[in-house]
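As annotated by Swiss-Prot, signal peptide applies to 1-21, with the evidence given as sequence analysis. Taken from Swiss-Prot, the feature compositional bias 'Basic and acidic residues' covers 60-69. The region 'Disordered' feature in Swiss-Prot is assigned to 60-83. Per Swiss-Prot, the feature disulfide bond maps to C75-C90, C82-C95, C89-C110.
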Amino acid sequence: MNTVRVTFLLVFVLAVSLGQADKDENRMEMQEKTEQGKSYLDFAENLLLQKLEELEAKLLEEDSEESRNSRQKRCIGEGVPCDENDPRCCSGLVCLKPTLHGIWYKSYYCYKKRSA
């Protein structure tokens, strides 16, 4: 009976000591994998950031190009008084004398172009 207890105790001590070694090994392995994962995530994050910056630069370039070429300067909307000599009516509008309403305020207003 004593031999069984001694054998059991010996096996138990070996299992615990080897289990601790495996636990330490596993901890070190997990730490290495975590560090590798962090470096991979940093690399992926930097790559994504570069792509986003390139895309943003392209979009800003297109916006600035568009604003220089095709954007209208401030214009006067429909039904707003305008100057006959310097009409700044928006595109599609013409500076004309009013027919009925507004004849007592100013002499010209921006109206939609009439097709003939």
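For all residues, glycine too, the Cβ spot is worked out from N, Cα and C.
Note that the coordinates shown come from a computational prediction; the quantities given were computed from them, not determined experimentally.
Of the recorded residues, C90 (disulfide bond) and C110 (disulfide bond) place their C-alpha atoms 8 Å from one another.
Rounded to a whole value, the Cα-Cα separation of C110 (disulfide bond) and C95 (disulfide bond) is 4 Å.
Around the Cβ of C95 (disulfide bond), the number of neighbouring Cβ atoms within 10 Å comes to 20.
According to DSSP, C89 (disulfide bond) sits within a strand segment. Considering other CB atoms within 10 Å as the measure, the emptiest surroundings among the disulfide-bonded residues C75, C82 are those of C75.
Mapped onto three states, the DSSP output places C82 (disulfide bond) in coil. Straight-line distance linking the Cα atoms of C95 (disulfide bond) and C89 (disulfide bond), rounded to a whole number, equals 7 Å. Shown in sequence order, C75, I76, C82, C95, C110 are the residues of the chain, 6+ apart in sequence, with a C-beta less than 8 angstroms from the C-beta of C89 (disulfide bond). Local packing around the Cβ, expressed as the count of other Cβ atoms within 10 angstroms, is greatest for C110 among the disulfide-bonded residues C90, C110. C110 (disulfide bond) falls within a strand when secondary structure is assigned with DSSP.
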